[in-house]
């Protein structure tokens, strides 16, 4: 077990921290660059700007500014105001984590068709999250000659609360999406989960939640261990980076799902139905007029296979009876005609 407070150990961890921050900056810069076409679509007017995109762009660029600020703090060779720079980095980084949760929450509101109870619940949770994020300065840093900016102390309690809250927030969003899309209490809603968009939201939400959960869990564990000032915050930036990447990817994929942008999803507004003809096998859909607000387009498909099988069986039985009657009627009719001809012949 190393002595976490020894100068040699602190120097080693500082070097690791510096390398990790530069790696994360390169990773996020690559992710930002390959997704610039999404921003360009809004600039050129290809995509219509909607107010939920405010949180998407805030999420992306707050984290980008945070990583640039961290790089400046680590690579500066002249004395700078380390406390002011790290205060900005902390607030912007934590805000990026909060924006990532908001982006996922907005999609959850859309999936629940603007249900006021769901909106109220998520808004309350958001306010609680941001009350922790905006607590104030949670770390202290100072300029050390020959080393640059160095973190001297951290408020591990509030930092841990922020990341624990983020994990619980992500879990709540995942459960609400899974309940709605899989339809735990509604058989009709269960079949909605077989549609393309339902699979898209649930699969992405599950994968993204796992990534964000592991990142936040790792950061929380090291903050609660309180090994030293460096180890307490070394995984905070990775958690913010991975949470932002997965949340922004979810927003982009859902926005690109349709050309006309997001629209309302309401599983209760679609009903199974089919005509009474044999050619009616397939899937019937019914759309309900959309409402203003945050929308996600989803066609709800309900298959009526069992009913169609019964309908086909009844149709086949009816056809067989009809053919039997048609086979009997001509025979009786021909017998009567022959009898009439014989009687007429005898009379002649």
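Just so you know, glycine gets a Cβ as well, placed from its N, Cα and C.
Automatic, uncurated: that is what TrEMBL annotation is.
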Annotated stretch (transmembrane segment, per TrEMBL) among the listed ranges 26-47, 92-113, 158-179, 268-289: 158-179
Recorded stretches the transmembrane segment (230-251) and the transmembrane segment (54-74) touching, at least 3 CB pairs under 8 Å: yes
Intrachain neighbours beyond the transmembrane segment (118-138), with Cβ under 8 angstroms and 6 or more residues off its ends: 83, 87, 90-91, 94-95, 97-98, 101-102, 105, 108-109, 112, 154-155, 158-159, 161-162, 165-166, 169, 172-173, 176
